[in-house]
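Asker: Just lifted these from Swiss-Prot, have a look:
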| type | residues | note |
| --- | --- | --- |
| ACT_SITE | Ser230 | active site, acyl-ester intermediate |
| ACT_SITE | Glu351 | active site, charge relay system |
| ACT_SITE | His416 | active site, charge relay system |
| DISULFID | Cys92-Cys120 | disulfide bond |
| DISULFID | Cys281-Cys292 | disulfide bond |
| CARBOHYD | Asn47 | N-linked glycosylation site |
| CARBOHYD | Asn80 | N-linked glycosylation site |
| CARBOHYD | Asn98 | N-linked glycosylation site |
| CARBOHYD | Asn271 | N-linked glycosylation site |
| CARBOHYD | Asn295 | N-linked glycosylation site |
| CARBOHYD | Asn322 | N-linked glycosylation site |
| CARBOHYD | Asn328 | N-linked glycosylation site |
| CARBOHYD | Asn391 | N-linked glycosylation site |
| CARBOHYD | Asn402 | N-linked glycosylation site |
| CARBOHYD | Asn474 | N-linked glycosylation site |
| SIGNAL | 1-18 | signal peptide |
Amino acid sequence: MLLRLCIIATLLVSHCVAVSTSPATRDTNGEGLLVQTSSGPIQGFFNQTAPDVRQWLGVPFAEPPVGDLRFSSPVKKQPNGTVNAFALPSSCIQQTSNSSTIYTTYETGFLISGGDSEDCLYLSIWAPRIENIQSQQRPLPVLLYIPGGGFTSGGEASLYKIPDKWVQRTQSHIVVIMNYRVNVFGFPNAEGLSEPNVGLLDQRMAVEWVAANIANFGGDPARIALWGQSAGAASVTAYSYGYPEDPIVAALIADSGAPNIVDNEDYAHTNFTFLASLVGCDGLSSTEELSCMRNVSARKLQTALSTYSGSPSISFTPAVDNKTFFANWTERAITGKVAKIPLITGSNTNEGAGFVSFTPAGPSKSTLFEITESIIACPVAEEVKNRNLANLTTYRYQYAGNFTNISPLPWFGAYHSAELPILFGTHYEYGGPSTQYEWDVSYAMQALWLSFVEDPTRGPVRLAVGNVPANPTNESYFAWPAFEQGSDDLLVFAEGGKVMQLVGAGRIDDYC
């Protein structure tokens, strides 16, 4: 399982692309743009790309994790004047790679933009106009998104994952996206530290901040869904085990990931000590080593980590601490040590295409299938099985879309992350126009995700929209059935010309 994360970490790397988020309107007269929070007053804006969406980009939820706070648990942000939240924040320090993948050659819209920095613990918020919220007579549900990146890279500044157009269209939900520390800065696992997984603690602090403050933005703190993809999905599901009695959120969504994709066996803390030796902090006690590493420049650490090519490789991902990350997820599930809240989870039919070095012809179908199953699909299936053992409500899907503006070469198919432009509603923006079928799939998936957070107890439902029925049998109402082992309750999107259809999960599970 360590190989799974090594592959994800190597291929989902950071490269810079341009994102423009310049504010067109900074208004404080009744528009609900200046919001009081525990971090101080936050000034937002409108712009022309989504004129009915209030945006706050780069809202601090923790103090900058620099100096003595490097490698330490996050510290709540203290107010220090008005924050002008007008631009997406820098991502946390990235571990980079020169690998050639479909993301670096064709689909750069998934890559982060705007550079990276240690001062990175920010989140961004997209909400409808205040008068549109007030007309709905209750606060809005909230999707709180954790980006992926193999726990070594990633952040909120990614073209395909900017939700302003989605919020503009629905005017019925709020989206929040967070940054968190990654690689050695987020998962140092140093002998001198009591907390090896401070990146996961960053995520928890972001959840706490949103729960405490989202009402002031028009959101409902009782209707927050924690949503993530890839490493973000692993974080979401791990979160449910780490906070079984106090999850804060009401629902979970995990796209293409589960906690068992991570197997960090560095119990002796050797990775941190080895990295320390590369930057001049060798031969020290654990306390001295930690102090020395806190005084090395962030760029020097980044360069040492990103350029080391020896064997065995070194990586920094969540380590077992039996507080935020556990050695036996099945045992946690069957003993009830998991949050009793519902989950949507699933995988894509051709995840493997995102984890191979790019060639125009691509690997064989059998190779891609084996990678898909081993790295993502089977770990997700195992997590679903664990939740079934714990009698937890789980809705399971598979995404099969192969749209040319997202997958320009036929062998790409529904690769790792390909569902995200469909869900965020950005599928038409960067690779050419979308077909009506693609729009129909997007609307269906968005409707189900949103209905889930609107009422997690009821579960995801969908009404017919225009000429598009709610499901393939032309009914006007579709209720997604909770998944049970051996049932035909796997909801497949975008396959065989159908928007969605229920099938058996043997197409995945029989090969695990």
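Including glycine, each Cβ sits where the backbone N, Cα and C put it.
Surface or core, plus neighbours and distances: that's what I need for these features.
Answerer: In the shown protein chains, 27 other C-beta atoms lie within 10 A of the C-beta of Ser230 (active site, acyl-ester intermediate). A coil conformation is recorded for Ser230 (active site, acyl-ester intermediate) in the three-state DSSP classification, outside any helix or strand.
In sequence order, Ser256, Ile371, Thr372, Ile375, Ile376, Ala377, Ala414, Tyr415, His416 are the residues near Glu351 (active site, charge relay system), counting only same-chain partners six or more apart with C-beta under 8 A.
All chains included, 31 other C-beta atoms sit within 10 angstroms of the C-beta of His416 (active site, charge relay system). Mapped onto three states, the DSSP output places His416 (active site, charge relay system) in coil.
For the recorded site, Cys92 (disulfide bond), the DSSP three-state label reads coil. All protein chains considered, the CB of Cys92 (disulfide bond) has 29 other CB atoms within 10 Å.
There are 15 other CB atoms within 10 A of the CB of Cys292 (disulfide bond), with all protein chains counted.
Around the Cβ of Asn47 (N-linked glycosylation site), 16 further Cβ atoms fall within 10 Å across all displayed protein chains.
Here the Cβ of Asn80 (N-linked glycosylation site) has 10 other Cβ atoms within 10 Å, regardless of which shown protein chain they belong to.
According to its DSSP assignment, Asn98 (N-linked glycosylation site) is coil.
Cβ neighbour count for Asn271 (N-linked glycosylation site): 23 (other Cβ atoms within 10 Å of its Cβ, all protein chains included). Secondary structure at Asn271 (N-linked glycosylation site), taken from DSSP and collapsed to helix, strand or coil, is helix.
Long-range neighbours of Asn295 (N-linked glycosylation site) (same chain, six or more residues apart, CB within less than 8 Å of its CB): none.
Applying an 8 A CB threshold to same-chain residues 6 or more apart, the list for Asn322 (N-linked glycosylation site) is empty. Under the DSSP three-state reduction, Asn322 (N-linked glycosylation site) is assigned to coil, being neither helix nor strand.
The number of other CB atoms found within 10 A of the CB of Asn328 (N-linked glycosylation site), across every protein chain shown, is 12.
In sequence order, no residues are near Asn391 (N-linked glycosylation site), counting only same-chain partners six or more apart with C-beta under 8 A.
Reduced to three states, the DSSP call for Asn402 (N-linked glycosylation site) is coil.
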Asker: What residue among the disulfide-bonded residues Cys120, Cys281 has the most other CB atoms lying within 10 A of its CB?
Answerer: Cys120
Asker: If I take the alpha carbons of Asn80 (N-linked glycosylation site) and Cys292 (disulfide bond), what is the distance between them in whole Å?
Answerer: 30
Asker: When you measure from the Cβ of Asn98 (N-linked glycosylation site), how many other Cβ atoms are you left with inside 10 Å?
Answerer: 9
Asker: Let me know the DSSP-derived helix, strand or coil state of Glu351 (active site, charge relay system), please.
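Answerer: Helix, per DSSP.
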Asker: Considering only the recorded positions Cys92, Cys120, Ser230, Asn271, which residue has the minimal Cα-Cα separation from Cys292 (disulfide bond)?
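Answerer: Smallest Cα separation from Cys292 (disulfide bond) among Cys92, Cys120, Ser230, Asn271: Asn271.
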Asker: Only counting partners 6 or more residues apart, tell me which same-chain residues put their Cβ under 8 Å from the Cβ of Asn402 (N-linked glycosylation site).
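Answerer: Correct list: Asn350, Pro410, Phe412, Gly413, Ala414, Ala494.
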